[in-house]
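Trainee: Sharing a structure, written as structure tokens. Questions coming.
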Amino acid sequence: MKINENYKNLSESYLFSTIAKKVAVYTQQHPEQEIIRLGIGDVTLPLAAPVVDALHAAVEEMGKKETFHGYGPEQGYGFLKQALMRYYARRGVVLAENEIFVGDGAKSDIGNILDLFDVDNTVLVPDPVYPVYVDTNVMAGRRIVYAAATRENGFLPMPQADVQADLIYLCSPNNPTGAAYSRDQLQAWVDYANERGAVLLFDAAYESFITDGDVPHSIYEVNGAETCAIEFCSFSKTAGFTGTRCSYTVVPQALVRGSLHLNAMWLRRQTTKYNGVPYIVQRAAAAVFTEEGQKATRAAIDYYRANAAVIAAALDEAGIWYCGGKNSPYIWMQCPGGMKSWDFFDHLLEHAGVVGTPGAGFGAQGEGYFRLTGFGDAEKTRLAAQKLKEAVRVL
Ligand code: MLT
């Protein structure tokens, strides 16, 4: 037999697993040290009351013969897809119900969508970027080219006429830098993809953090996106579903490559390999779109945004350059004193007990940078900000 040797080309472990392992070793050696985790973007607020109520009600339904649900439609229940259609319509985006696919996480769908594309395609990935885009393509053995996201271009690389790519990943607001593309900038990417027959894989997981009016929440707010873009979004960051698992992927009917409709291909793929998100979880997700659900969701996002502002204020006081935190829960800071990302990770862990994410873990261009998340507990974030300032002072 032949094994998939492409796995040899991956780094030893996934970025956030590496961090978790390093922290576990450190806590074993220093059991007295309080650790504040601002590394992985995991939420800390509990599910909102309307979501919990919906879960309870759905569990009751599952316990009665008359209202029990077995297998659901693999692409999601109508009640949730219709709520999503109304959510998109608020921004003038009209979606058909069969263009929405409910899933168990944007990360899974971002990896799984690659089933639709030949291994010979060239992939364009911004650098630094969410490591899943790179790792999933390395696993498949695809050629990857990088678009440098630097301080000079505001961490928002634009299309280059001399770069030919078939699959293009965009994440806006961006993980890890927090940078967000304007409407005009996204239009340039959509035009580029349509001209070349490329497909944009647009990750909108952080759309609910957008505050700038000029930043689209969905790629479909941009003209022509329905013929070149697939969009991934999630309830994880918006409504605290990191442990509950629910997401959605939009594959427009108008998206055709070769003689194949990508929507039909994705449906075929999902119905073959996937049995859908649990009924109770989809009921919980639908509750996010009720009036009460929206109110609670906005309050949670404000809470996380306030945390990001606390971190930003500490960096201002320490005289450290950073960006993000405005349309995003992430702060992307320059490591002080020209330190490398992993060295600053160790320094911050040892001198402050604060865990962040080394920028280098998101790509070569991330070296010298460091990401902190606003998803922590408010009290602990204030403490971490104080300790961060002290840890920088002792450098
Ligand atoms: C992150 O910290 O980058 C995210 O939490 C990872 C994810 O959403 O999978």
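Quick reminder: no glycine exception, Cβ is built from N, Cα and C everywhere.
Caution: TrEMBL annotation is automatic and unverified by curators.
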Trainee: With TYR14, GLY41, LYS107, TYR130, ASN275, ARG371 listed by TrEMBL as binding substrate, identify the candidate in ASN175, ASN194, ASN223 belonging to that site.
Mentor: ASN175
Trainee: Per TrEMBL, which one of ARG183, ARG245, ARG283 shares the pyridoxal 5'-phosphate site with TYR71, ALA106, LYS107, TYR130, ASN175, TYR206, SER234, PHE235, SER236, ASN275?
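Mentor: Among the candidates, TrEMBL records only ARG245 at this pyridoxal 5'-phosphate site.
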Trainee: Given the binding-site residues GLY41, TYR71, ASN275, which lie close to LYS237 (N6-(pyridoxal phosphate)lysine), meaning Cα to Cα within 10 A?
Mentor: GLY41
Trainee: For TYR71 (pyridoxal 5'-phosphate binding site), just count the other CB atoms lying within 10 A of its CB, please.
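Mentor: Other Cβ atoms within 10 Å of TYR71 (pyridoxal 5'-phosphate binding site): 8.
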Trainee: Among TYR14, LYS107, TYR130, LYS237, all listed as recorded positions, which has the most CB atoms within 10 Å of its CB?
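Mentor: Checking each of TYR14, LYS107, TYR130, LYS237, the winner is LYS237.
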Trainee: Please report how many Å separate the Cα atom of SER234 (pyridoxal 5'-phosphate binding site) from that of LYS107 (substrate binding site), as a whole number.
Mentor: 9
Trainee: Take the C-alpha atoms of ASN275 (substrate binding site) and TYR71 (pyridoxal 5'-phosphate binding site) and report the distance between them in angstrom, rounded.
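Mentor: The Cα atom of ASN275 (substrate binding site) is 7 Å away from the Cα atom of TYR71 (pyridoxal 5'-phosphate binding site).
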Trainee: Over all pairs in TYR14, GLY41, LYS107, TYR130, ASN175, ASN275, ARG371, the listed substrate binding residues, work out the largest Cα-Cα distance in Å.
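Mentor: Result: 35 Å between the two most distant Cα atoms.
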